[in-house]
Ligand code: 3PG
C-alpha cells in the first residue's frame, strides 16, 4: 500500500512505505482504549493557547515505553488533518524525539500532580460537606465555565461541532456522569486510597465487558493478568479497615461506567475530529446538563444550604476555596489527560493512568494518615502490578 503524506496542506507530498505488520497489529490492538479514543488529527484552524495545529502529527510513542535499540531512529506516525490513520515513515529526528519525550513527560507530571491535588481537596470538601452529588456537579460546572469563557475570549478556539457530534457524545456523557458521581460517592464514604485501589481494577471490567457484551477475544496473557488485578482488589477490599459497601460499590460502578464511556466513545466518535481539550470541554458541558436535575432530586438545595452553613462554621471561609480548588483541579487534570491522549497511544495512556493511581494512593495515605494494614497494602500492590502486566499483555 502506498500512501501519500502531505507536509503542509498546500505543499508537495512524499511517498511512504507500506504499514509494517507490527504497526498494523499495534493499531488494531489500540482500537480498544483504556480511555475514550479521540481523533489525533485536529481540524481546528487558527492559533490556540493549548493546541497546536497538526496537519502532520509526528510522534514516537513506542520509545516512551521502552528504550529503542536503534539510536537516532525516530518512528514517525503521520496524520493528515482530515485522516486518523497513521502512515509509517522513518526519519532521523533525534531532536524532535527528545522534544516529544519531554513534552509527554511534562503532560504526565502535570496530569498526576493535578490529580493528586484534586483528590486531596475533594476529600477535604467531602469530609466537611458530605454531598457528593453537588460536588460532582460543581466540578463539571467549573470546567464548563472555564471553557465557555476561554472560547468566548478566544483564549482557546471553540470547536466546530454539529448536532451529530452532540448526539454521538450523549451516551459518552451519560456514562461519564455516572462514573464521575459514583467515584465521588465512593470517596465520600471511604478513604481516597481505597476508592483508587478498587478503581485500579478498571482493566478487568474492560476485558470482561468487551468479552461478554461485544464478543471480543483477547490473548491468554491478558486474561491471566486479570487474576492479580481481581485478586489484589479483593484482598484489599476484605482487609480494608474502614470498609463501606456504598464506597466499594461506588468505585465498582465507576469502573463499569468508565468502560462503557470508552466503548461509546470509540463507537460514536469515529470519524469526528476534535482536539482533546475541546472534546473534554464538550463532555463536561453535556454531563453538567445531565447531572444537574439528578443532583437536585437526590440531595437538593435545602440539604446543601444546611450542610454549607455547617461546613463554613467548622472550617471557616477557607472552605469556599477548598470547593473552588476541587472543582477547578478536577477540570484541569481531566483536560490535561485528554490533551495527552492526543499525543500518545492508548496503551501508554493506560500505563500513565496506573502510575497516577499510585501517586494518588500514596499521597492520600500520607496526607490523611489513612490506617493501613500490611495485608491491605499487599492487596493494593498486587492489583497495581496486575494493571502493569495487563498493559504489557495488551501490547
Ligand atoms: C471522578 O470523579 O470522575 C473520578 O475521580 C475519576 O477518576 P479517574 O479519572 O482517576 O478515573
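Cβ atoms are placed via backbone N, Cα and C, with glycine included.
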Feature transmembrane segment in TrEMBL, mapped to one of the ranges 73-92, 133-152, 153-172:
133-152
Pop the mean pLDDT for the domain 'Sugar phosphate transporter' (103-391) in here, whole number is fine.
93
Please indicate, using numbers and ranges, the residues of the same chain that are 6 or more beyond the transmembrane segment (245-264) and have a C-beta under 8 Å from a C-beta there.
33-37, 171-172, 175-176, 178-180, 182-190, 194-195, 198-199, 201-202, 205-206, 209-210, 213-214, 237
